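Notes for the one structure printed next.
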Amino acid sequence: MNTERDSETTFDEDSQPNDEVVPYSDDETEDELEDQGPAVEPEQNRVNREVEKKKETFRKDCTWQVKANDRKFHEQPHFMNTKFFCIKESKYASNAIKTYKYNALTFLPMNLFEQFKRAANFYFLILLILQAIPQISTLAWYTTLVPLLLVLGITAIKDLVDDVARHKMDKEINNRTCEVIKDGRFKIIKWKDIQVGDVIRLKKNDFIPADILLLSSSEPNSLCYVETAELDGETNLKFKMALEITDQYLQIEDNLATFDGFIECEEPNNRLDKFTGTLFWRNQSFPLDADKILLRGCVIRNTDVCHGLVIFAGADTKIMKNSGKTRFKRTKIDYLMNYMVYTIIIVLILVSAGLAIGHAYWEAQIGNYSWYLYDGENATPSYRGFLNFWGYIIVLNTMVPISLYVSVEVIRLGQSHFINWDLQMYYAEKDTPAKSRTTTLNEQLGQIHYIFSDKTGTLTQNIMTFKKCCINGTIYGDHRDASQHSHSKIELVDFSWNEFADGKLAFYDHYLIEQIQSGKEPEVRQFFFLLSICHTVMVDRIDGQINYQAASPDEGALVNAARNFGFAFLARTQNTITVSELGTERTYSVLAILDFNSDRKRMSIIVRTPEGSIRLYCKGADTVIYERLHRMNPMKQETQDALDIFASETLRTLCLCYKEIEEKEFAEWNKKFMAASVASSNRDEALDKVYEEIERDLILLGATAIEDKLQDGVPETISKLAKADIKIWVLTGDKKETAENIGFACELLTEDTTICYGEDINSLLHTRMENQRNRGGVSAKFAPPAYEPFFPPGENRALIITGSWLNEILLEKKTKRSKILKLKFPRTEEERRMRSQSRRRLEEKKEQRQKNFVDLACECSAVICCRVTPKQKAMVVDLVKRYKKAITLAIGDGANDVNMIKTAHIGVGISGQEGMQAVMSSDYSFAQFRYLQRLLLVHGRWSYIRMCKFLRYFFYKNFAFTLVHFWYSFFNGYSAQTAYEDWFITLYNVLYSSLPVLLMGLLDQDVSDKLSLRFPGLYVVGQRDLLFNYKKFFVSLLHGVLTSMVLFFIPFGAYLQTVGQDGEAPSDYQSFAVTMASALVITVNFQIGLDTSYWTFVNAFSIFGSIALYFGIMFDFHSAGIHVLFPSAFQFTGTASNALRQPYIWLTIILTVAVCLLPVVAIRFLSMTIWPSESDKIQKHRKRLKAEEQWKRRQSVFRRGASSRRSAYAFSHQRGYADLISSGRSIRKKRSPLDAIIADGTAEYRRTVES
């Protein structure tokens, strides 16, 4: 017990997590963690590790081998794989692609097989087989076959149309042509004939036919421009660069034909931005990475000619590897609907069994003694009851609706199109409409509890502007600082003295320009020189003007800033970079580029100056830079203070530093660097370790501050969503101060919000864990008997936590002991048992702590997680899904949000400045965060209401229809006879009752879109599952049961002793069936009229049209002419005309319909009068609200200002944002009752009208 207590997460001063440290990377290995500090290692573990290392030397990650211009090499036996028995195929795929599923021979069997894998279709297939057995079925075979064929046919036609389109596309692509070296010369061949190892030639605007290694280009410096829109949706051009040696020697046809390079690289995979390989040629090895690979699907742009070597073809290409099936998401209603169908099946079996027992008893007591019922078979009552069980399964099968799933898909498809067509979610500035990328999740948009949002590019614009900087401890950039430098100018700086200035940078500090031009402080010039040289930006000249292509908006903003301040990046080759320094062009030799990635959080470049000295320039996050600074950096504290100021103003920061490198030191390091660059295994890890050796003892120059403005409408959107009881969590990689101020800017945080940080959270969780342990909560894996809140009720709390604290609190932090204690050799049984118990206790404690954290966080009105990795973003989403069982939505715009978007129930992508990775992984996409309120509060709520109404009505109408057979069975000896005509049973769900409910599921709306946005509190019905749950389900079933009783017993009583006008009794079975069927069709169609809130001509036409269609078909099917053609199928000859000419029959139908519907009308009236819902109240005052809205639009609205919480807040220089930032309004204030809101608005409107 003591050991367990000690293992609880507590911290002393030295071990406390650092809020500024980005937690371990997703790819961090155990070996890297072990290097973080010394530890006592057991001898056996050391031996085991050495053995593993020896084995590791024989392992290679690069097992894919390619030989240029040698097709026979790839046909060797050891490259052949066994596919089926003795049939073998090459390891290397052909370049022909096949995306279609069927051909002329396989379509019918394969499509039917796929459709019958669905449980509902298979169920009805079994019913159809049972109906073919005469001893069982009392129903004609076509009653099941026609609806089943209709469902199968609709799906098959859709699949066929899709597959024919795929056939055409495959044929078009495979028959494209390309120039390939064959027999020493370039020849034109089709794409499908290209093979791995071929050397190909591509020209401007050509599509790239396979994944190829760029060998040479007609552009200077071996550059090749490609457009990657088909891969990632991005339309801006990318730059690829060939190896210098191949570009130099492989320009002409003869040299390309004799090229015999050999490549070892990674196996085919779906990582678009990763490639590891080595080219062996001329007794040398050259490292290959993704920058030298042209991917299939891209287009050559602005490059006349380029040559490449095919590495991956056809199905092995990265674009094809990414075309696999995505994880299928299902809605909460899907699961509930399936459970309800299972419930109906159980009810069906129980009812059929009960009626079968009744038939066996009836046979024993009555049937066996009734000579006129003898059928020639001497079966026992038990056997007849057994056969009757299956007969009732067939008769009552319509309790399980065959068309339910098809109807649901049609409704969802229509709702998705409504989202796509919504012009109010169209962003005209970028011509970007909203896009529903899935058709299966629409109603779940109306049930969201938690939104997890990225910050940069989602809440903000991700348009970076250089605003401030700190150089050598001095802050530049704010016009208010001018007085400190004896200047009073506040106008914009004039950059006309600089020929390379782009004229777009708005900067106010004239003193910085004086410092640059005078050269009094060399660090200032060095600062901007670093920005101009330390990057991976590519330059292009359009109409004589410099145009930069940057990997990220931040990098582009910094290089453009350097350009405006006189240090313009002009050109680069593989080995040089040219910069204009205050008008003087200088070229530097590039010795190495230590590239940026999300784990390193920095990039460096090593250059040789024209004078011959070697320097390393580095820029990166302050957390990683400060760890690598030389101890003698006098301006560390001043720069840190500046970083804090920048963060308080929500500016994004980077630190800049450099170091001088001795020639000998660089030579030794370069050997390691070159070795790591061509490593066959773990190349990235090897390079990172080499980078670490040189990136140390750095000299700090200063820091940059970039502004990223808030998007339009973000505060209003967050406020609306909060009023809808949706909690918003912001997950970002930014600094804590920046994230906190963004929280205030978008009104997630307000002046009356009490903020809890990592230390507070850890203390609260520690106390809760202790209390639970004392009650036996952890070991028993049970929560306390009653939930105990962490905070007093009524307090407005927010939680801000960093990634480091998140790992500590959730016990997710990896430790170096994890591998040391992992013994390779067998342990004793006692050791295994103790290890197992210890591991189980740790897992239990971890699970309990995570649950407590989620409970604590969910009590807060806002949660902001900063300095978090993509993996942590997904982990936080998963925790809320797991422990709160709540519906989650994740929204982001970048590749680092993809994991989070895929983890959430619904993923939304913002098509912004960071490419299209998030959009391509999302379920819905649009251009601005503010459209989220319309997606949820309008489309989501409508879709949820429509789907709930549809399902409730669907179950009701099927039970009302089917259970008439149940009541009829009490009067026919439980003999599984049907109460209706066979053709009516066949067409009821297909024609007579299908269209109105489909239109209700597509078009119905309780209130307008404007009122939905004005009263976000209406949204809670979906969150609380108020419109579709087991209670509503059973109410619908009960309604159907009662309706079926009325439909049967009123006509039954009316027919019992009746004589018509002609003196004949109309109480025959066929007239009785017509009367019940007519009453049923009128009842269910009028019932949907009562359920409809939004009437259109289409709704009315569908209801009355369905009734008219029923009577038209009935009179046709009961005519003598069709009976003559098909006497066995149409046996109700003349029934409709004979029965419906009797006024008594019409009186019976009207009475039946009235008794079915009038109680519903009465109950609805009482409910809306005595217990009105929020929606009912708004509908009641709809005209007043509309008038009030029109009046408000005519009035000028004035707001009183308020003092700003941050006096140095620099989020925007435009008028109007200060009110949003500093209004002090709480987004969690208690809402007024809806009646009071309406009453106040009405009173105000009346007073204005009267005045």
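In case you wondered, yes, glycine gets a Cβ from its N, Cα and C as well.
For the topological domain 'Cytoplasmic' (1-121), the predicted model reports an average pLDDT of 63. According to Swiss-Prot, the topological domain 'Cytoplasmic' annotation covers 1-121 (among others), on the basis of a curator's inference.
Residues annotated as compositional bias 'Acidic residues' in Swiss-Prot: 25-35.
Marked as compositional bias 'Basic and acidic residues' by Swiss-Prot: 43-52.
Taken from Swiss-Prot, the feature transmembrane segment applies to 122-142 (among others), supported by sequence analysis.
Within its own chain, the transmembrane segment (145-165) has Cβ neighbours under 8 Å at 100-102, 107, 111-112, 115, 121, 124-125, 128, 402-403, 406, 986-987, 989-990, counting only residues six or more beyond its boundaries. The transmembrane segment annotation in Swiss-Prot covers 145-165 (among others).
If you look up Swiss-Prot, you'll see 166-339 (among others) marked as topological domain 'Cytoplasmic'.
Residues or ranges marked as transmembrane segment in Swiss-Prot (evidence: sequence analysis): 340-360 (among others).
Per Swiss-Prot, the feature topological domain 'Extracellular' maps to 361-385 (among others).
Marked as transmembrane segment by Swiss-Prot on the basis of sequence analysis: 386-406 (among others).
Residues or ranges marked as topological domain 'Cytoplasmic' by Swiss-Prot: 407-952 (among others).
Among the features that Swiss-Prot reports, ATP binding site is placed at Asp454, Lys455, Thr456, Glu555, Phe596, Lys619, Arg652, Thr732, Gly733, Asp734, Arg867, Lys873, Asn896, Asp897. There are 22 other CB atoms within 10 A of the CB of Asn896 (ATP binding site), with all protein chains counted.
What Swiss-Prot lists as active site, 4-aspartylphosphate intermediate is Asp454. Taken residue by residue with DSSP, Asp454 (ATP binding site) is part of neither helix nor strand, so it is coil. Of all the Cβ atoms in the protein chains shown, 29 others lie within 10 Å of the Cβ of Asp454 (ATP binding site).
Secondary structure at Asp893 (Mg(2+) binding site), taken from DSSP and collapsed to helix, strand or coil, is coil. Per Swiss-Prot, Mg(2+) binding site is recorded for Asp454, Thr456, Asp893, Asp897.
The transmembrane segment feature in Swiss-Prot is assigned to 953-973 (among others). Within the chain, the transmembrane segment (953-973) has long-range Cβ neighbours (under 8 A, six or more residues past its boundaries) at 340, 344, 351, 355, 358-359, 362-363, 366-367, 392, 395-396, 398-399, 401, 404, 407, 979-980, 988-989, 993, 997, 1000, 1033, 1036-1037, 1039-1041, 1043-1045, 1047-1049, 1052, 1076, 1080, 1083-1084, 1087-1088, 1091.
Residues of the topological domain 'Extracellular' (974-982) grouped by DSSP class, helix first, strand second and coil last, total 1 helix, 0 strand, 8 coil. The annotation topological domain 'Extracellular' is assigned in Swiss-Prot to 974-982 (among others) on the grounds of a curator's inference.
According to Swiss-Prot, the feature transmembrane segment maps to 983-1003 (among others).
Taking residue pairs at least 6 apart in sequence, the transmembrane segment (386-406) and the transmembrane segment (983-1003) share three or more C-beta contacts under 8 angstroms. If you look at the transmembrane segment (340-360) against the transmembrane segment (122-142), you find fewer than three C-beta pairs under 8 angstroms, all six or more positions apart, and that falls short of contact.
Between Arg652 (ATP binding site) and Asp897 (Mg(2+) binding site), the C-alpha separation comes to 19 Å. Within the same chain, residues 949, 953, 956-957, 960-961, 964, 979-981, 984, 988, 992-993, 996-997, 1000, 1004, 1043, 1047-1048, 1050-1052, 1054-1055, 1099, 1103-1104, 1106-1107, 1110-1111, 1114, 1132, 1135-1136, 1139-1140, 1145, 1148-1149, 1152-1153, 1156-1157, 1160-1161, 1164 sit at least 6 positions outside the transmembrane segment (1072-1092) and bring their C-beta atoms closer than 8 Å to a C-beta of that stretch. Most Cβ pairs under 8 Å with the transmembrane segment (1143-1163) belong to 1033-1053, among the candidate stretches 122-142, 386-406, 1033-1053.
For the topological domain 'Cytoplasmic' (1004-1032), DSSP puts the residue distribution at 17 helix, 0 strand, 12 coil.
Per Cα geometry, Asp454 is the residue among the binding-site residues Asp454, Phe596, Gly733 nearest to Asp897 (Mg(2+) binding site). For the binding-site residues Arg652, Arg867, the greatest number of Cβ atoms within 10 Å around a candidate Cβ is found at Arg867.
Separating the Cα atoms of Arg867 (ATP binding site) and Asp893 (Mg(2+) binding site) is a whole-number distance of 17 Å. Neighbour list (Phe596 (ATP binding site), Cβ cut-off 8 Å, at least 6 residues apart, same chain): Thr536, Ala551, Arg602, Met603, Gly620. The most densely surrounded of the binding-site residues Gly733, Asp893, judged by C-beta neighbours within 10 angstroms, is Asp893. Taking CA atoms as the reference points, Asp893 (Mg(2+) binding site) and Gly733 (ATP binding site) are 13 Å apart.
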